């Protein structure tokens, strides 16, 4: 009898052991954000609307139509008076801002590295030689040796560090970097990763007059972020966020999507960043496809069933309705309640229209959109790092509590839409020493986001292009 007992007991114990081992190993594959450090450039790099106007006026290749277009774009962009520009833009010499050098771009990145990487490592108590993985994404600056090699040299990191340098990924690059790290974590245990995300604007100031290319000069601002990630169990108690899932959507196979956001030369051979009119359409397509994949991963079954039933009823009604009507709306809501699985929405600050569009599609409230709107107002579109300024705003406002779920959405050239869901691991009281909002969070949100220079630049809207002359206050720029 005892023999039979042990015959059955052994396989049961073995099965339980395998289950325990599987569960235990999964814990070593988690991806945690231990800490992050946003970049706030020095005050001498602040660029107001008035300064933006001066930068536009000194471009001698622009005519009245281009002035009207750019000034209107600036005052209606949702960008405030305290964003930051590359140092080369403040140069008094035309040779400096019209013909920026490679060194200008490198020095811009060095300023970011020396500020944010040092602050993060110092605060976290991590030595540079403890870093196992380094991922750097700077889309528009590819140098030899690479920027990642520059960081390794400056901080004397280990010779066996795993290094990834990403270029050309656009505004969605930081989530691609996170995806690289989480996939490495699935194979290697007890690792520390440093993700460095920013954009080099210095070498890419467009000095031509193509409307589709000068717009980028108005929208993008300097910024950056450094994140420390790990799958070490010993650091779990210090973690801020845990990655639940991440989905990447790439529409590069579509010609119209590939070409809607692209670096190219204009007819005069000047290099710039072309933003096509079909960009919103390409973004919408990528966004919808991304939501199809990530929704079942982050929403409860009851909401998915409700949506499926609603969709079925809607199709039946549409089939029975009058077929002669051809009216269609370009603004389509998702029809699914994302708040059933998401507590906070971290939206890429690509512009006021991007924030409004996502807010409409997901039926979000002004409270949901506030972090993105305030980030656009205070820091502008900082490309791939913008998501982390939005996240820092939520933290500074003490919105993030243990168990909350944060949905990140980003868009990038290619065309790409990447999204992910983070779980808040512990209550975040906003006292993180690296929070870029900490010194002025109490002044946000302001009473109004209206641009104070709307009236100042109204003169140009009524000018006759045949008699157009610059006002005396701008004569010294010509």
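Positions of Cβ are set from backbone N, Cα and C atoms, glycine also.
The following features are taken from TrEMBL:
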| type | residues | note |
| --- | --- | --- |
| ACT_SITE | 171 | active site |
| ACT_SITE | 250 | active site |
| ACT_SITE | 344 | active site |
| ACT_SITE | 348 | active site |
| ACT_SITE | 377 | active site |
| ACT_SITE | 381 | active site |
| DOMAIN | 25-315 | domain 'FAE' |
| DOMAIN | 342-423 | domain 'Beta-ketoacyl-[acyl-carrier-protein] synthase III C-terminal' |
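Among the active-site residues listed here, namely 171, 250, 344, 348, 348 has its C-alpha nearest to that of residue 377 (active site). Of all the active-site residues listed (250, 344, 348, 377), 348 sits in the most crowded Cβ setting, with the most other Cβ atoms within 10 Å. Spacing of residue 348 (active site) relative to residue 381 (active site) is 8 Å (Cα to Cα, whole number). Distance noted between the C-alpha atoms of residue 250 (active site) and residue 171 (active site) is 13 Å.
Cβ environment of residue 171 (active site): 348, 350, 381, 383, 384, 386, 410, 411, 412, 413 lie under 8 Å away, each six or more residues apart in the same chain.
In the structure as shown, the Cβ atom of residue 381 (active site) sits within 10 Å of 25 other Cβ atoms. Across the domain 'Beta-ketoacyl-[acyl-carrier-protein] synthase III C-terminal' (342-423), the DSSP tally of helix, strand and coil residues reads 38 helix, 21 strand, 23 coil. This prediction places the mean pLDDT of the domain 'FAE' (25-315) at 90.
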